[in-house]
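Since the structure comes first, as structure tokens, the remarks are kept for the end.
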Amino acid sequence: MDTTMVNLWTLFEQLVRRMEIINEGNESIEFIQVVKDFEDFRKKYQRTNQELEKFKDLLLKAETGRSALDVKLKHARNQVDVEIKRRQRAEAECAKLEQQIQLIRDILMCDTSGSIQLSEEQKSALAFLNRGQASSGHAGNNRLSTIDESGSILSDISFDKTDESLDWDSSLVKNFKMKKREKRRSNSRQFIDGPPGPVKKTCSIGSTVDQANESIVAKTTVTVPSDGGPIEAVSTIETLPSWTRSRGKSGPLQPVNSDSALNSRPLEPRTDTDNLGTPQNTGGMRLHDFVSKTVIKPESCVPCGKRIKFGKLSLKCRDCRLVSHPECRDRCPLPCIPPLVGTPVKIGEGMLADFVSQASPMIPAIVVSCVNEIEQRGLTEAGLYRISGCDRTVKELKEKFLKVKTVPLLSKVDDIHVICSLLKDFLRNLKEPLLTFWLSKAFMEAAEITDEDNSTAAMYQAVSELPQANRDTLAFLMIHLQRVSQSPDTKMDIANLAKVFGPTIVAHTVPNPDPVTMFQDIKRQLKVVERLLSLPLEYWNQFMMVDQENIDSQRGNGNSTPRTPDVKVSLLGPVTTPEFQLVKTPLSSSLSQRLYNLSKSTPRFGNKSKSATNLGQQGKFFPAPYLK
């Protein structure tokens, strides 16, 4: 009974308290606040739905625009395909007609015995044919006047021999070989020296003599003036070296007997204005071997950093793969450093030789790129090499250089100190310092010699004992640091540069030095760098000199790749197919003779001009990118 009363009393008290709360009116305020919160959430949800609808409309418009662009791209690809096929059919038909005209000329003009008597009508018809040939050749010259150096703009922009240009069936163009491209380029240069004069025709009436390295060919040239003047005939016998199918490698035509010659005209010497290009004043550095290319996938110009748009003409180096605008050609960084054949060891843990190619000068591409960019933008920057750049950016750039095949554009890096730190980091993290463990003691001892002449001689001896990669890289770096020290804006004299690069490029005398030895070596390292920077510039420049003639011969020989020997045939072989038309024509032989005479003159800086050499190196093309 008592328990029941207690429970009832407790329940009664709870009811009383709740009644008091209701009477006070607090519950209504809380309910109103909840309703307001729900209203705020409802408004936010409404705004979110409106924004969602807006973005859905924008997405729909973007999808529509993308679909329209896809259709345009598809039509453009189809149109390119159609135009390529149409041009190839026209070229095949043109080649067939040229072959027929060639045979007619051979019959009418190669008769030296005079058995064929030409009437006035026949002379008029023959002069008409000659005018047609001259006009067509001149038109071709105008068409290719801007690409005489490489002759690649009229090559198939969608296809090449690598079958990697576009994503359609490459079997459509496999029947049109590279020889036709070479023929078109050869024809485009027939009148490069000026307007055509009286047309001459040369035909072979002799046979090839099977000897060791040459063949003897007899030829007759008949000149028929278009104004009905007297007909001139010239007969010559020439000895020709076996043709290597490379106009850049074919030797000059040497006449061995000209007793039957009725008339002869010496070749006019070419003036400086006839040069196809002017080489840079490089002091013997390795030059770039440029070829022209029509851009399909947009690329960036290395000298100026701007994008090269679709369909524009660009230049690409065969060796280092550098890309530039034609007008930026003279601003490309030198020397030309070919890319590595394989992938080096872990980043920053390799020897210097792991990061260089086998071509001289043996300098890592990262060093060349950094130095060229620093000299372009950093010679007016105070504290160059003393101020550190962002470590994260330096690490990212280093990975791009050593992992990616293409060289990143350092012109897009705003902070020049990042590039300086990149160069120092690369040299610092090599397995073996630039001056090597083996020779570090010799360099230190040479720097401590009090007599300047003896110290310089000992330094020369130590430099000569370095591996070629270390020696070339050291020379390139010293040339650069001397330029930095000569710039007053950088405020980095030889002493300051020695403080930066002493511990970087000079090794310690022992593998694991203690603190005392490290402190002693630092002073000696500074003396070594100061002594190296005091050596004359001419001494370092000699390591940058390369024999451009040997480089060109290596390029032409495909880096000494073994191949099947060429068959000894006459350059004026039988006229049977359009491909053999490019073997020997009167105008092409005249041009090759003139190019040979031009190359025999004394070149600038002791090396042959690359502009004349490049004309004979058009049989190979680099892989074009995919068009997706």
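For all residues, glycine too, the Cβ spot is worked out from N, Cα and C.
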Pick from 179-201, 547-569: which stretch is listed in Swiss-Prot under region 'Disordered'?
179-201
Among the residues THR278, THR577, which does Swiss-Prot list with the feature phosphothreonine?
THR577
Which residue range, 87-136, 287-336, is the one Swiss-Prot calls zinc finger?
287-336
What is the average pLDDT across the coiled coil (33-110)?
91
Does anything in the same chain, at least 6 positions from ARG386 (site 'Arginine finger'), have a Cβ under 8 Å from its Cβ, and if so what?
MET492, ASN496, VAL500
